[in-house]
(Lines of atoms letter the chains of each structure in order from A and count residues from 1; the text may use other names and numbers.)
(Lines give C-alpha, C1' and ligand atoms only; values in the text may rest on other atoms or scores of the structure.)
Protein backbone atom coordinates (compact mmCIF):
# COMPACT_ATOMS: atom_id res chain seq x y z
CA UNK A 1 0.00 0.00 0.00
CA UNK A 2 1.40 3.39 -1.00
CA UNK A 3 1.91 6.12 1.62
CA UNK A 4 -1.03 8.14 0.31
CA UNK A 5 -3.42 5.22 0.75
CA UNK A 6 -2.07 4.52 4.21
CA UNK A 7 -2.58 8.15 5.18
CA UNK A 8 -6.10 8.14 3.81
CA UNK A 9 -6.95 4.93 5.65
CA UNK A 10 -5.55 6.35 8.88
CA UNK A 11 -7.58 9.51 8.59
CA UNK A 12 -10.65 9.78 10.77
CA UNK A 13 -13.13 11.59 8.54
CA UNK A 14 -15.62 11.32 11.37
CA UNK A 15 -13.89 14.39 12.79
CA UNK A 16 -15.77 16.46 10.19
CA UNK A 17 -18.97 15.67 12.08
CA UNK A 18 -17.62 17.48 15.14
CA UNK A 19 -18.17 21.26 15.38
CA UNK A 20 -14.43 22.03 15.45
CA UNK A 21 -13.58 20.41 12.11
CA UNK A 22 -16.95 21.19 10.53
CA UNK A 23 -16.57 24.92 11.16
CA UNK A 24 -13.02 24.79 9.79
CA UNK A 25 -14.36 23.27 6.57
CA UNK A 26 -16.97 26.03 6.33
CA UNK A 27 -14.29 28.65 6.94
CA UNK A 28 -12.24 27.17 4.12
CA UNK A 29 -15.20 27.34 1.73
CA UNK A 30 -16.29 30.83 2.72
CA UNK A 31 -12.72 32.15 2.43
CA UNK A 32 -12.64 30.97 -1.19
CA UNK A 33 -15.86 32.82 -1.91
CA UNK A 34 -14.54 35.96 -0.21
CA UNK A 35 -11.31 36.37 -2.18
CA UNK A 36 -12.80 35.07 -5.41
CA UNK A 37 -15.66 37.59 -5.48
CA UNK A 38 -13.34 40.47 -4.61
CA UNK A 39 -9.99 39.59 -6.19
CA UNK A 40 -11.50 38.32 -9.44
CA UNK A 41 -13.70 41.34 -10.10
CA UNK A 42 -13.55 43.38 -13.29
CA UNK A 43 -16.21 45.82 -14.40
CA UNK A 44 -16.81 48.98 -16.31
CA UNK A 45 -19.19 51.69 -17.37
CA UNK A 46 -20.10 53.33 -20.67
CA UNK A 47 -20.86 56.98 -21.28
CA UNK A 48 -21.92 59.04 -24.28
CA UNK A 49 -21.22 62.65 -25.15
CA UNK A 50 -23.42 64.10 -27.90
CA UNK A 51 -21.99 67.42 -29.04
CA UNK A 52 -23.78 70.06 -31.02
CA UNK A 53 -21.39 69.27 -33.83
CA UNK A 54 -22.12 65.60 -34.38
CA UNK A 55 -18.70 64.92 -35.81
CA UNK A 56 -17.13 65.73 -32.48
CA UNK A 57 -19.46 63.42 -30.49
CA UNK A 58 -18.49 60.13 -28.91
CA UNK A 59 -21.46 57.97 -28.01
CA UNK A 60 -19.48 55.04 -26.63
CA UNK A 61 -16.88 55.96 -24.00
CA UNK A 62 -15.87 52.75 -22.18
CA UNK A 63 -14.18 52.96 -18.78
CA UNK A 64 -12.92 49.65 -17.38
CA UNK A 65 -11.63 49.06 -13.86
CA UNK A 66 -10.77 45.98 -11.79
CA UNK A 67 -9.13 44.75 -8.60
CA UNK A 68 -7.20 46.20 -6.75
CA UNK A 69 -9.23 49.35 -7.57
CA UNK A 70 -6.48 51.93 -8.07
CA UNK A 71 -9.03 54.16 -9.71
CA UNK A 72 -6.72 57.16 -10.01
CA UNK A 73 -4.73 55.12 -12.53
CA UNK A 74 -7.77 54.42 -14.72
CA UNK A 75 -7.62 56.97 -17.53
CA UNK A 76 -9.91 57.64 -20.48
CA UNK A 77 -10.37 60.23 -23.22
CA UNK A 78 -13.53 62.25 -23.84
CA UNK A 79 -14.40 64.88 -26.44
CA UNK A 80 -14.39 68.52 -25.48
CA UNK A 81 -16.92 69.45 -28.20
CA UNK A 82 -14.50 72.20 -29.21
CA UNK A 83 -12.99 70.87 -32.38
CA UNK A 84 -11.03 67.63 -32.49
CA UNK A 85 -9.44 68.11 -29.12
CA UNK A 86 -9.72 65.35 -26.57
CA UNK A 87 -9.68 65.64 -22.80
CA UNK A 88 -7.79 62.97 -20.84
CA UNK A 89 -9.34 62.25 -17.47
CA UNK A 90 -8.94 59.71 -14.64
CA UNK A 91 -11.26 58.33 -12.03
CA UNK A 92 -10.98 59.58 -8.47
CA UNK A 93 -9.95 57.47 -5.50
CA UNK A 94 -7.74 54.57 -4.48
CA UNK A 95 -9.26 51.65 -2.55
CA UNK A 96 -6.38 49.25 -3.19
CA UNK A 97 -5.22 49.13 0.44
CA UNK A 98 -8.53 47.91 1.86
CA UNK A 99 -9.18 45.55 -1.06
CA UNK A 100 -5.71 43.98 -0.93
CA UNK A 101 -5.86 43.62 2.84
CA UNK A 102 -9.24 41.89 2.57
CA UNK A 103 -8.01 39.46 -0.09
CA UNK A 104 -4.79 38.78 1.84
CA UNK A 105 -6.73 37.87 4.98
CA UNK A 106 -8.99 35.62 2.91
CA UNK A 107 -6.06 33.80 1.28
CA UNK A 108 -4.21 33.18 4.54
CA UNK A 109 -7.44 32.14 6.25
CA UNK A 110 -8.02 29.64 3.46
CA UNK A 111 -4.51 28.20 3.80
CA UNK A 112 -4.75 27.90 7.58
CA UNK A 113 -8.24 26.36 7.44
CA UNK A 114 -7.00 23.82 4.92
CA UNK A 115 -3.98 22.91 7.07
CA UNK A 116 -6.07 22.73 10.25
CA UNK A 117 -8.68 20.51 8.60
CA UNK A 118 -5.95 18.10 7.45
CA UNK A 119 -4.54 18.00 10.99
CA UNK A 120 -7.98 17.35 12.51
CA UNK A 121 -8.60 14.44 10.11
CA UNK A 122 -5.20 12.72 9.79
CA UNK A 123 -3.20 13.88 12.83
CA UNK A 124 -5.85 14.25 15.52
CA UNK A 125 -3.86 12.19 18.06
CA UNK A 126 -0.76 14.31 17.61
CA UNK A 127 -2.89 17.45 17.78
CA UNK A 128 -4.22 16.43 21.20
CA UNK A 129 -0.98 14.81 22.39
CA UNK A 130 0.15 17.93 24.20
CA UNK A 131 -1.37 21.31 24.84
CA UNK A 132 0.77 23.17 22.29
CA UNK A 133 -1.39 22.35 19.28
CA UNK A 134 -4.71 23.53 20.76
CA UNK A 135 -3.09 26.66 22.22
CA UNK A 136 -1.62 27.67 18.85
CA UNK A 137 -4.94 26.90 17.21
CA UNK A 138 -6.77 29.04 19.75
CA UNK A 139 -4.45 32.03 19.33
CA UNK A 140 -4.59 31.87 15.53
CA UNK A 141 -8.41 31.63 15.62
CA UNK A 142 -8.66 34.75 17.79
CA UNK A 143 -6.25 36.65 15.52
CA UNK A 144 -8.12 35.71 12.34
CA UNK A 145 -11.43 36.67 13.93
CA UNK A 146 -10.06 40.14 14.57
CA UNK A 147 -8.53 40.37 11.08
CA UNK A 148 -11.80 39.37 9.43
CA UNK A 149 -13.66 42.05 11.37
CA UNK A 150 -11.14 44.76 10.50
CA UNK A 151 -10.71 43.64 6.89
CA UNK A 152 -14.44 43.34 6.20
CA UNK A 153 -15.17 46.74 7.74
CA UNK A 154 -12.35 48.40 5.80
CA UNK A 155 -13.40 46.78 2.54
CA UNK A 156 -17.03 47.79 3.09
CA UNK A 157 -15.87 51.41 3.37
CA UNK A 158 -13.59 50.97 0.35
CA UNK A 159 -16.41 49.51 -1.72
CA UNK A 160 -18.58 52.49 -0.84
CA UNK A 161 -15.85 54.78 -2.20
CA UNK A 162 -15.57 52.67 -5.36
CA UNK A 163 -19.30 52.96 -5.98
CA UNK A 164 -19.18 56.73 -5.63
CA UNK A 165 -16.10 57.10 -7.86
CA UNK A 166 -17.56 54.90 -10.62
CA UNK A 167 -21.04 56.37 -10.53
CA UNK A 168 -21.72 57.59 -14.11
CA UNK A 169 -23.26 60.81 -12.80
CA UNK A 170 -20.07 61.60 -10.87
CA UNK A 171 -17.87 60.76 -13.85
CA UNK A 172 -19.91 63.01 -16.16
CA UNK A 173 -19.26 65.92 -13.82
CA UNK A 174 -15.55 65.59 -14.59
CA UNK A 175 -16.07 66.35 -18.31
CA UNK A 176 -15.90 69.94 -19.47
CA UNK A 177 -18.19 69.21 -22.43
CA UNK A 178 -20.97 68.10 -20.08
CA UNK A 179 -20.92 71.48 -18.35
CA UNK A 180 -22.35 73.12 -21.47
CA UNK A 181 -26.15 72.85 -21.72
CA UNK A 182 -26.01 72.51 -25.48
CA UNK A 183 -24.22 69.16 -25.24
CA UNK A 184 -26.01 66.01 -24.13
CA UNK A 185 -24.17 63.64 -21.79
CA UNK A 186 -25.69 60.46 -20.51
CA UNK A 187 -24.82 57.09 -19.01
CA UNK A 188 -25.23 54.12 -21.34
CA UNK A 189 -24.13 51.37 -18.99
CA UNK A 190 -23.49 51.39 -15.22
CA UNK A 191 -21.06 49.02 -13.46
CA UNK A 192 -22.45 45.87 -11.85
CA UNK A 193 -21.40 45.62 -8.20
CA UNK A 194 -23.29 42.49 -7.13
CA UNK A 195 -20.17 40.33 -6.74
CA UNK A 196 -18.43 43.01 -4.68
CA UNK A 197 -21.47 43.28 -2.42
CA UNK A 198 -21.32 39.50 -2.03
CA UNK A 199 -17.65 39.69 -1.04
CA UNK A 200 -18.49 42.02 1.86
CA UNK A 201 -21.24 39.64 3.00
CA UNK A 202 -18.83 36.69 2.91
CA UNK A 203 -16.31 38.75 4.84
CA UNK A 204 -18.64 39.28 7.77
CA UNK A 205 -19.84 35.67 7.56
CA UNK A 206 -16.24 34.58 7.91
CA UNK A 207 -15.91 36.78 10.98
CA UNK A 208 -18.98 35.13 12.53
CA UNK A 209 -17.62 31.65 11.76
CA UNK A 210 -14.17 32.34 13.19
CA UNK A 211 -15.54 34.09 16.27
CA UNK A 212 -17.97 31.25 16.91
CA UNK A 213 -15.19 28.69 16.52
CA UNK A 214 -13.18 30.30 19.34
CA UNK A 215 -15.25 28.45 21.95
CA UNK A 216 -14.78 25.02 20.34
CA UNK A 217 -11.02 25.55 20.03
CA UNK A 218 -10.87 26.81 23.62
CA UNK A 219 -12.43 23.56 24.82
CA UNK A 220 -9.44 21.68 23.36
CA UNK A 221 -6.92 23.69 25.36
CA UNK A 222 -5.72 22.94 28.86
CA UNK A 223 -7.23 26.19 30.09
CA UNK A 224 -10.73 24.78 29.78
CA UNK A 225 -9.88 21.53 31.62
CA UNK A 226 -7.95 23.35 34.34
CA UNK A 227 -10.92 25.66 34.86
CA UNK A 228 -13.24 22.70 35.30
CA UNK A 229 -10.75 21.08 37.71
CA UNK A 230 -10.58 24.30 39.74
CA UNK A 231 -14.37 24.38 40.04
CA UNK A 232 -14.64 20.70 40.97
CA UNK A 233 -11.94 20.77 43.70
CA UNK A 234 -13.79 23.18 46.05
CA UNK A 235 -16.96 21.15 45.62
CA UNK A 236 -15.14 17.94 46.55
CA UNK A 237 -13.60 19.58 49.59
CA UNK A 238 -16.98 20.89 50.71
CA UNK A 239 -18.54 17.46 50.24
CA UNK A 240 -15.78 15.70 52.19
CA UNK A 241 -15.99 18.16 55.08
CA UNK A 242 -19.74 17.69 55.20
CA UNK A 243 -19.33 13.92 55.37
CA UNK A 244 -16.79 14.24 58.16
CA UNK A 245 -19.15 16.46 60.14
CA UNK A 246 -21.98 13.98 59.70
CA UNK A 247 -19.82 11.09 60.86
CA UNK A 248 -18.79 12.90 64.03
CA UNK A 249 -22.37 13.81 64.72
CA UNK A 250 -23.48 10.21 64.33
CA UNK A 251 -20.71 8.93 66.55
CA UNK A 252 -21.53 11.52 69.13
CA UNK A 253 -25.20 10.54 68.98
CA UNK A 254 -24.41 6.87 69.41
CA UNK A 255 -22.15 7.54 72.37
CA UNK A 256 -24.78 9.75 73.89
CA UNK A 257 -27.36 7.03 73.52
CA UNK A 258 -25.06 4.56 75.12
CA UNK A 259 -24.53 6.89 78.08
CA UNK A 260 -28.25 7.24 78.49
CA UNK A 261 -28.68 3.49 78.58
CA UNK A 262 -25.92 3.20 81.16
CA UNK A 263 -27.50 5.82 83.39
CA UNK A 264 -30.73 3.89 83.37
CA UNK A 265 -29.05 1.02 85.17
CA UNK A 266 -28.59 2.58 88.61
CA UNK A 267 -32.05 4.13 88.64
CA UNK A 268 -33.61 0.77 87.94
CA UNK A 269 -31.53 -0.71 90.78
CA UNK A 270 -32.62 1.94 93.13
CA UNK A 271 -36.19 1.49 92.04
CA UNK A 272 -35.84 -2.19 92.77
CA UNK A 273 -34.61 -1.49 96.31
CA UNK A 274 -37.66 0.60 97.29
CA UNK A 275 -39.91 -2.40 98.35
CA UNK A 276 -37.32 -3.43 100.91
CA UNK A 277 -38.29 -0.46 103.07
CA UNK A 278 -41.90 -1.44 103.77
CA UNK A 279 -40.98 -5.12 104.21
CA UNK A 280 -38.50 -4.31 106.91
CA UNK A 281 -41.04 -1.99 108.53
CA UNK A 282 -43.63 -4.81 108.68
CA UNK A 283 -41.16 -7.17 110.18
CA UNK A 284 -40.43 -4.67 112.94
CA UNK A 285 -44.10 -4.42 113.74
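Each residue, glycine too, has its Cβ placed from N, Cα and C.
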Would you mind telling me which of 78-100, 101-123, 170-192 TrEMBL tags as transmembrane segment?
101-123
Select from 21-42, 43-64 the stretch of residues annotated by TrEMBL as transmembrane segment.
21-42
When TrEMBL marks a stretch as transmembrane segment, which of 135-156, 223-244 is it?
135-156
Under 8 angstroms, Cβ to Cβ: which one of 21-42, 135-156, 200-218 has the largest number of such pairs with the transmembrane segment (101-123)?
21-42
